[in-house]
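Peer 1: My questions will all concern the structure given below.
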Amino acid sequence: MVYTTRQIGAKNTLDYKVFIEEDGKPVSPFHDIPLYADKEENIFNMVVEIPRWTNAKLEITKEETLNPIIQDTKKGKLRYVRNCFPHHGYIHNYGAFPQTWEDPNQTHPETKAVGDNDPVDVLEIGETIGYTGQVKQVKVLGIMALLDEGETDWKVIAIDINDPLAPKLNDIEDVEKYFPGLLRATNEWFRIYKIPDGKPENQFAFSGEAKNKKYALDIIKETNESWKQLIAGKSTDSKDIALENTKVTDSPYYSASAASAIPAAAPQADAPIDKSVDKWFFISGSA
């Protein structure tokens, strides 16, 4: 399946939206794109939200029909992640698995925290920088459990199946073998990245340990089951998530007409980013 993007507005503005298209028709990256690209081989579709080494906090929105990717805001202002020395922006291609949901109505028995109400986050560690709205096929290697302001926020570690090293990476121990230092740097980055904004250091479950592939696959399956309950209208509380979709025909939220209501593409040149986003922050105790 080949997916394309439909951009509306200029990057780095409040109007910026990226819809994902299949055969020229908008689909939901939350609900319509299949989780599995190849279920037998455990190959997954990942939606790239934030390319590596960029700062804009882009995410699949839960509030709008067909869930376009937009830039997050706080108090009406666009959000950017800070540069925490020695890192620049997001240190991996950052995105999400479609058809997953970290259920905020459920407490995970091992993390002792509820889900964060988002699709499962994916950190793609391959050599190629992705682009917003790209649908990558990835293999899962492991998972970390960030505890973000009291919520479970899973971070799946994966690699693009087309990466030159993908054939050599099959489980979490292979990451340390072929990418020495990457897991440590990932742990550090997630611990400290909110500190420049005045927030406390994040914590991890499992003392920051990255769990193996089997554990990750179990979590993905659990969150896929939670999404199935959500899209079927059987969740305890759907948290006002926009559930319109164009592919899940047995869902009460299926809509054959939702795509036609999406505006035509209207891309504009990127707006400038405030120079303050370039600043480096030095965090005591990091690295």
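Any Cβ shown, glycine's included, is placed from N, Cα and C.
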Peer 1: Which of Asp153, Asp160 shares the Mg(2+) 1 site with Asp116, Asp121 per Swiss-Prot?
Peer 2: Asp153
Peer 1: Quick one: pull the CA-CA distance for Arg79 (diphosphate binding site) versus Asp153 (Mg(2+) 1 binding site), whole Å only.
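Peer 2: Asp153 (Mg(2+) 1 binding site) has its Cα 19 Å from the Cα of Arg79 (diphosphate binding site).
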Peer 1: Cβ within 8 angstroms of the Cβ centroid of Asp116, Asp121, Asp153: which residues besides those meet this for the Mg(2+) 1 site?
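Peer 2: The answer, listed by sequence position, is Glu102, Gly115, Asp118, Val120, Leu146, Asp148, Glu151, Thr152, Trp154, Lys155.
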Peer 1: For Asp153 (Mg(2+) 1 binding site), what is the secondary structure by DSSP, using just helix, strand and coil?
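Peer 2: Reduced to three states, the DSSP call for Asp153 (Mg(2+) 1 binding site) is strand.
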